[in-house]
Amino acid sequence: MANSGVQLLGFFLSLIGIVGLIIGTILPQWKMSAYIGDNIITAVAMYQGLWMSCAFQSTGQLQCKIYDSILQLDSSLQATRALMIVGIIVSVAGLGVACMGMKCTTCGGSEKVRKSRIAMTGGIILLVGGLCAIVACSWFAHNVIRAFYNPYTPVNTKFEFGAAIFIAWGGSLLDVLGGAMLAASCPRKKQASKYPSMGTTRSGPPSSTKEYV
């Protein structure tokens, strides 16, 4: 059986990872304007996220605008949105399933093998949710890098990584790590002993039934 301490560590790592996924998905700093070439000194810094774009002026004023239409967005951005949402929902569901199978909880019955299997199932679900988020972040990062090194992209429209994508990456990695720890709760079958018990091998000699006169 897996140690309850490992289950608790995996649970809290997954919980922190889900919080990181939610924060990273909401924040608009998925990519920010790159200061290269003649664009080193500028009065406005541009940020773009999954849900809105923002402009940070040198005066300290931040103006954000939510994307008007979903159909006008790029297909890669729509796919990143969908994968992040699916990853969060699946991770929350996996965390709930794993909570029922942990040794320190009373949910899911009192049978140890059954609870370990429930915790293992929750860990596998968490792994799937974390992998969905990793794919979403990596796909978004690939598009940013490809546009940055594209020679036909104007210098003033090139972007680099923002803080939000690193938060989402970190959350997804913690989610995967916690799910792996919970998935290690798979019960192991006890191997039967190949040797007979000591009680049967050390039996005494048969008692004599002869009677002496």
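From the backbone N, Cα and C atoms, a Cβ is placed for every residue, glycine too.
Under the heading compositional bias 'Polar residues', TrEMBL lists 198-213.
Here TrEMBL flags 192-213 as region 'Disordered'.
What TrEMBL records for 6-27 (among others) is transmembrane segment.
Sequence annotations record features per position, and here TrEMBL assigns transmembrane segment to 39-59 (among others).
Long-range contacts of the transmembrane segment (79-98) within the same chain, counting only residues at least 6 positions beyond its ends with a Cβ under 8 Å from a Cβ of the stretch, are 7, 10-11, 14-15, 17-18, 21-22, 24-25, 50-51, 118-119, 121-133, 135-137, 139-140, 168, 172, 175, 179, 182. As annotated by TrEMBL, transmembrane segment applies to 79-98 (among others).
Residues or ranges marked as transmembrane segment in TrEMBL: 118-141 (among others).
Annotation comment: TrEMBL describes 161-184 (among others) as transmembrane segment.
For the transmembrane segment (161-184), the list of distant contacts is 2, 6-7, 9-25, 27-32, 47, 49, 84, 87, 91, 94, 98, 119-120, 122-127, 129-131, 133-134, 136-137, 140-141, 144: same-chain residues at least six beyond its ends, Cβ to Cβ under 8 Å.
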